[in-house]
Each structure stands twice: as structure tokens, then as C-alpha cells.
Amino acid sequence: MLIVAPVLADDITFTIEQRDYYFNTGETAEIPIEYLNNLGNSVSGQMIYTTAEGVNSGGFTYSSSSTHSTSLTIPSGTGNFYLTGLTSDSEKVIDLDISFQYSDGGSSKTVTLGTITVHFTSDSTGMNSQNPQTSQESATSSSSSSSQSSTSQQYSTTISQMIGGSSTQQASSSQQALQNNQQNYNSDALKSQMEARSNEIAEQKEALSDVMENDDLLSSVEEKLSDEGFEPVDDSESISPESSTDGTFTKEYSSPDGSSVTLSGNIENGEVTSAEASFDPTEQESLIPQSLLENTTYQGYLKSLTDDGFASTSASINYTKSEALFNQTFASASGVDNGENNPFINATLTNDLENITSVQLTRDANYSWLIPVFIIILAVVLCAAGWFVYNRYFRKNEVEEILPPVSRKPAFNYREYAEKLLREAEGAFEEGNYVIAYGFAGQALRVYLSNRYYKGTEMTNEEIFTKIALSNETRWAVKTILDNCAMVEFAKGAPDTDRFEEIVSYIRKMIAE
């Protein structure tokens, strides 16, 4: 069963077989994408793809993402193209988000395919056939299941052979599917870009990891955390590089009792310039500097906030080369969040946390933020009272307004649309575009059957035989036609003039019944 992508533009649809693809390490991933263009003409636009990957190295997990774009022309009708170029020599998972942007009638539209997950593993044997959605759909009855299994296997073989064929065959197939001889993707360029970017990010992360390992400021902060019983959590370090000397990082630390601390910081010009430890002051009071706990100003502020119904919610210490900045935020004990109006205590200390330079309390004393809230509530009450008075005393004799009839969109004429597809198939065949001609013919038959015997949504060849009850004679004829169309459409069969005319004649006769 194919998965239809969520679409923001109604006239172009992309379809993929599954959401997860598995390839062996060292292989180049090639993913077939089917398109349907109902605009009646070729459409040029930008294919935008974003890759996000996670890499395990040295006990740490790194994540990175990058976005690229390339020109793409979608011919009218249906066809296929390949997304290619992803590769990896090590096991990893890459998330690929794809969208196609184009202009139609002066307005910009976007077709969003969603996320495709590519897995590079040491052994991908049999993994791509594991599709829970397909297996649930095919388990209808013994006879139907057998027929569907055979058809699915034939389609899967076709896809596999197309992917595994020579580059000359792929170029020829793309040249037939895209009449303007443009390649959908420059696979070598995409592969080189992704490999170069991946290697560059890995080198930058390794360089920043070395900086962190040998930095005095970060070492002193980690030593303070270790003295309080907090040790690094395995595989919790994340580095986001801007270059080999600049970036940001986060690390998680935990204690034996389950408490946790998040350490985040900045790296500039090859050294850690700040490292901020964030924690819950109610659970980890020991992380609040002892010099601050003994400070009368801090204790006075703390008592004032507690007496006014505030409770501590979060705290942090931001260590720099010259000082340490302490912040403790409070919120109403009743659970009301005043956002930016929540009070907080800031303190500046020396780097060793022994001496305090300043302690400040910031709070909104006049609660002026309540004024707009009160105005809104008053306006709602007045509107409700006015509506009540109007309905109670002034609407009694009002004549009901007669609404004009609602114009309804005419029903979809599927016979006319199927006939249009047949005419386009005949025109394409006369011009020598046999792949497009057989594709239109097969689509015309599916459109007619899905609207005549089912809900009207376009169906795959497999769904037609599992969801529509046809006589044995009709079923055999329909299956033969769809198989012939698919064979030519996917370059597995040669076009035949007499046979094509028989196919079009049979479909046209069914439409006219």
C-alpha cells in the first residue's frame, strides 16, 4: 500500500511506498517517489530537502541538520523520479524532510512530503518489506490476500530492478518521465554535498569536544558538581558547532538519589566562555552557594517572597572567566504563572562562589499587569449583558432575514474526466511518449473503477482487486490492462500500437456503460 503525502497544494501529489527505508552501510540510498500533476501542464519549482542525523562518537551523541534545494520540473500527469545520493560508511539514521515549492496563477504553493527516515545498517536484508500498514491491509481473505501478495511482489520487484539497474537505464527512464530531459536530482552533487557537510560537522564537533575536555573553566564547574555528587550522564553531551572554534553545548548530570542538573555553555575562539548549571532549588538546595545562604540580604528577599505567597521554581549559576551569576526565579504558590512578571533574585559572585558582589530582587510591586486582564473581563461581561437585553426586549418583532440559497459545487463527473485522460493518452502515444500514454490509460481505468464502484478516492492496482467486487471476466480483463500499463510505465515492457488501441477501446467502452 502506498502512503500519500500530506499536501498543501491540491494539484500536485507525491507518493512514497513507506516511511522507513533500510540500506547497508556503504550503499547509496535510492528512494522512488511517484508524482501526480493534475494542472495539465509541466510545473517548474524548487525541491527543498532538509537532512537531520544523529551520530554516536566517543560515547557522545551529536546531532546536526542542513537544508539544500534544487530546481525540479514536474510534467503533467503521473510518473516517477528518484531521490538519491545519501550514503554512510557507518551505522546511522538520517531523517529527510522534502517539500516542493512552485507558483500557480500568481500564488505560491507548497507540496509537503513529510519525513522519510533512512536507516544505514550492517545488514538490511528483509527490513524494507516490513510495513505494518501493508500487512494489515492485505489480510482480508485467503483468496484476496494471495492475489494482493502476488501483485505487491511484482511491484516490489519492479522497483528493486529499477533501483539496481545501470545508471544509463535510470537516466533513460528519467528522460522519458521528464520530457524536458532535466534530471530530478543530481545524485553525485547531492551525495558530495551531504558527505562534505557531514564530515565538516563531525570534524567541528571533535575539535570542540577537545576544547571542552581541556578547558579550565568547564573542568572547575564539573569539579563543583562532582563534589555535590553529580556525575555526567552517559551519551548526554550534545554539541552544536558554528565552526571548529565556536559553538554551544549541553550536558546532563545526575546524582545517586535521581536528581539532575543541566549544564549548557558557549565556546568562542577555542575556549569555553560560559557554563550555566540549571537546577531545581527545592530539590538541590546544596547547589545554592553557601555564601549566599548565609547572606542577610538574600535571606531577607527570600523571606519577603515566601510571606507574599511565592515559591521558588528554578535556579541557575552561570560561570564565566571573571565571575559567577546566580539567578533564582519564583512563582505564585497557588500555581498562577505571571510570565515575565514573576519575581526573581539575581546575585553576582566571584568565580569560586566564596564572595558576593551584589544581590538584587526584581518584582512587580503594583501588579499593573492585572489592568488589561480586568479590562478584558469587564468587556466580556458588558457584551454578554448587552446581548441579553437585545434578545429580551428589542428582537421580539424583528422579521427573520431570508438567507440566499447556497451555491453548491457541481458533482465530479468521473466519466468525463476518465475520457479526458484517454484522449491525453492517445495524444501522448501519437507523439511517441509511450510511458506517459500507458500511465494515463491506467489512471483513466482506475479513476472510473474507484468512482463507479467505490468511494471515489483514487486507488492503487492492488486496492482495486481487494476492495471492488468484479466478475471473473471483467476482473481478468482489468488486471491484464493494468499490468500491461504498469509494465510499459516502469520500462518493463515494450509499447505495442495494436494492443494500446485495444486497451483504450476497452476502457472507453466501460466508461460509456
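Each residue, glycine too, has its Cβ placed from N, Cα and C.
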Worksheet item: In TrEMBL, which of the ranges 187-214, 299-326, 439-466 has the coiled coil annotation?
Response: 187-214
Discussion item. Please count the residues of the region 'Disordered' (225-266) that DSSP assigns to helix (H, G, I), strand (E, B) and coil.
Written reply: 3 helix, 21 strand, 18 coil
Worksheet item: What mean pLDDT does the predicted model reach across the coiled coil (187-214)?
Response: 81
